[in-house]
Amino acid sequence: MSSLSDTVVSAAINRPLSFKNPKYNPSRRHKPHRQLVSDEQKRLATLTLPVDAVTYFSVEAYPPLRPQKHYCDITGLKGHYKAPSSGLRFANAEVYQVVRTMAQGVDQQYLELRNANVVLK
Amino acid sequence: MTINSEGKKSNVSSGDYPPPVVHPLAEPRVSLKPEPFYDNYQSGVPIAIDIGSSNIRAGLTNTDTPFLNMPTIISRFRDRKLNRMLTYVGNDCFLDPLFKSSIKSPFDGPLINNWDVTEWLLDYSFYHLNVSSQDGVDNPIIINEFMATPASQRKNMYQLLFEGYNVPSVVFGLSDLFSFHYNNRNNTNKSSLILGCGNQSTNIIPVIDSKPLLHFAKRINWGGEQAVEYLSKSIGLKYPFFPTKITTHQFETMVQDFSYFSDDYLAELDDLMNLEYLHDKDVVLEASFNEVVQVQKSEEEIARQQEKRREQGKRLQEQAQKARLEKLVEKEADFKYYSELKERLLNPENKISKKQMIQTLSEAGFDDVADFNKYLSNLERSLKRARHQDIGENEVEEEPNFYLLDMKDEDLSEEQLKEKKSQKLQKANYEARKKAKEEKLIEKKRKEEEEAQEQSWREKDLDGWIEDKRAKLKVIVDRKKQREKLKAELNDRKSHAAQIRMKNIANLAADGSGNARNSSSTALNTMGNGGAGGNGGARSKRNVKKVTIDNDPNDTFGANDDDWMIYKDIANFEDEEQLEVENSELKALEDLLLKYDPSFNPEDLFNSEYNWKKSTLHKFLRGAYSFDPEDQHQQHQIHLNVERIKVPEILIQPTIAGLDQAGIVEISENLLLKRLPSSNFYNFNDNNVTPDIIKNIFLTGGVSKTANFKNRIVREFTSFLPSGNNLQVNVAEEPIIDAWRGMKLWSLSDSYKNSFITRKEYDEMGPEYIKEHNLGNVRL
C-alpha cells in the first residue's frame, strides 16, 4: 500500500466526538431489505388498521392493466416473434439467428433483464 | 500512449456519413481536497438532512443551500502502516483510489439497513458542520423519510438522533413534498400531482389544497439506480467481449448524459433503424486504452518482401509440378500394367481358371476380384484427374531422341546402359505429358463447343436461357439452404432429422444380416458372367468357421460405391470435395447471370457481400458506420442507440424491465381521471374550468433531470386528459437540492413549530409517533 499523504490521513474521521452521547452503544443487526419488509408485514398484521390505511404495501403500484407491448430482448426494437426454444422475443429473422445460436445460459441472462428467467430454488 | 480527448473525430469510415463524434467514458471520480468545515455554526438553528440512497444533503438552515452534498457512502479499512482503522465519508472516499474497494452504503434497496454506516455519515455531517456543543447536538433536526416507511426505519432514526446525539427535537417529512413546498413557495397553486422520480423509487403523490393524499399515492419500485443497473446489464450482453471493465460510475454518467425520453417510443424504435436517424442519435463511447502502434514498413521493404514471396511461391510451384508429374508417370505405368493384367486374365484364349485368377491377384496384393476392380477403377479416375493438373508443360517440347531404347542391353556399354535407363524415364515423362495435353485439348474443345452452343441459345432465346440458368441456380441454392437447415436441425437432438440419423446409425450397428446392406449389389458380375457365383461359393467354403459382422460372407456391403452413401447421410460434417464442386458450379452460374441477365444484381448473389447497412444487428451494435474489427479504437467503442430511449422508457412501461407495476402515466391517468374525481375532489364536468391539480403537474427527484421528460409527460397527459384542459407541467428548479431547500423554508414556518417531536414526547409516545403535517407521512 502506498503511503497516504498527511492531508488524506487527516481527512479520516475519528471517534469519540464531543457532541455524541458517550454512553450510546446500541446493539444492531444488519437486516437485508427483504427481511425489513417482511418484519414490517408481520408488524402490520398485529395491528387493526382502517381499510385505507397508508402502509408500505398499500402505496405499492398495482400491476399494469393496459396490454403489454412486446420488445425484442436482444435489440430492444419491436419484438413481434418469440423463439419457441428459449422464450426470447426477437425483432426479425436476422436477430433470430442470434437467438438460435446463442451460447448456453445467455438466453437466461437476456430473460433476466425482464425477470422472465428460470430461477431454481 | 493514452488517447481519448473530448469530441475527437474517429477515423472510422462510414461511407455515407461523417465519422462519429467519439465521447470518452467518464473518468473515475476523484476528490482533490478533503471536505471543508462549516464556519457559521449556531447552536439551536435547525439542521436539515435530506438523506437519499445516492446523495446526502445536510446543512444548518441559516444558509440557502445545503453545506454538505455528498454521496451516501463511507469507506472504512485498516491501514497497515499506521496500524489503525481509517474511516472516510462522502466525497472524501474519492481522495485516494485505494479507498474504493471498501466503500459501503447504508442502503439496501430503498431502505436503510446498515445503521453503523448511517451513524458514521451523521457523525461526519455534524463534525463538518462544526457542531461544537458538548454531549449532544444542540440543534433541532429536520430529516426525510421514505413514503409510508416501515416503522423500523423511523424507530432506528429516532433512536440514533435522540439517544446517540441527544438532539432536542426531530421532525420527519417526505423529500418530494419538501421539494414541492420549495418550488411552490409563492403559493401559486396549492394543488399538484407530484411525480417524485428518485434514485430507488418513483412516487406519485396527489396534493389537493396543500394536503398530500397519501392514501391515493403510489410508489413504483424503479429509480435511477435500477436504470443504471439495467443499462449495465444490457451493455454487458450487447458487448460480451468488451476489453475493459466499465464501472458503475461510468454507466451512471451514460444514463445522465445520454438517455432521454422519446416523444413517441414505438415510432422512434422504427426510426432508429433508419441510417440517417441512427447517425443522428447514435452515441459512441470509447474506453481509454494503450494503443499498440504498428510499425509502418517502407514501400521498398514491402516490394522486396513481395518479390521474395513471389520467388518462393514460384519455387514451390515448380516443385509441386515436378512431384505431380512424377506421380502421373507412376500412375500411368501402374494403369498400363494392371489393364494389361486384366486383359490377360479375361482373355478367353488364355483359358485361365478362377483359381488361377485369384491366385494371380492375391500375389499382386489384392483380396479378391472385387478389390482388384475397385482399385483399377479408382486408379483410372485419379489418373484422369491427374492429367488435368498443371504438370508444367508450358514449354514446347520436341520429342526427344530415345535411340537407345530400341537396342538390346547386351550391345550396350555400361555408360550407355545408364543412359538408356534415363531415357526410359524421360520417355515415360514425355508420354505422360503428351497424354495429359491431349486430354486437356479434348476437354477444351468440348468446352468451346458447349460455350458456342450456349452463345447461340442466348442469341436465339435470352429469356429461355436465363430461365434455365436461374432454375439451375435455384436447385443449387436450395440444396445449400436445405443443407444449412439440416445442419441446424441436427443441433437439436429431438428434431426429426437428428432422429432419422440416429436410426441409421442404429441400423448400421445392428447385428444380423441385410439391415444396412439392402443397397449392395453384386459388383463381381462386372468381371464376367459366372464369376460371382463361383466366387461366392469358394468364399463360403473358406469362411465356414465363424460368421461375424466382420467376415460375414453374405455381407456385400461396399461392393457397390453407393453403399458408402449411408455414411455421408449420417456424417455430421460436410463433404468438402462435393462442396467445392458445388461452389464452383454456383459461381459459374452466378457469373453468367451477372453478365447476361439484366435483372440479376450483385445483391442477388448467394454469398453476396454482407451488407451492414441492411443489418439490424450491425446498426444496433455499431451504429450507422462500418466496422473494422482490427481497429483498436473501434474495439474499445460502445454504441448507445436504442438504450438511450429504452432506459428512461421503463418508468412509463415498467414491464420492459419485467417489473409487474403500472407506469407513471397509467397510474396518473387512473388517479386524475377516475380515483380523484370519484372521491369528489374535483370533476371535469365544469365547462372550461381546469381542476387545479392539472395545472400543476410537478416533476422532482434526480431522474426528472432526464432530457425531454417534461415534453413526454405533456404529450402523454394531453393524450388522456379531456380536451380543453389547461395542462401545466413544472419541473423542480434543482431537483437534487430542492428538497433540502424546502426543509429550510419550512423550518421558518408555524407548521414546523407544531410538528416536531421533542425528546420528552419521544420518550412518552414511543418510536413510531409523529405529528402529522402537510409535508410528511401519515400516522397509522
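Heads up, the Cβ atoms here are built off N, Cα and C, so glycines get one too.
On a predicted model such as this, the values are computed, not experimentally measured, just so you know.
Range annotated as region 'Disordered' by TrEMBL, chosen from B:387-417, B:511-541: B:511-541.
The region 'Disordered' annotation in TrEMBL falls on one of the ranges B:1-20, B:301-320, B:441-460, namely B:1-20. Per TrEMBL, the listed range annotated as region 'Disordered' is B:419-438 (candidates: B:339-358, B:419-438).
Residue counts for the region 'Disordered' (B:419-438) under DSSP, helix first, then strand, then coil, are 20 helix, 0 strand, 0 coil.
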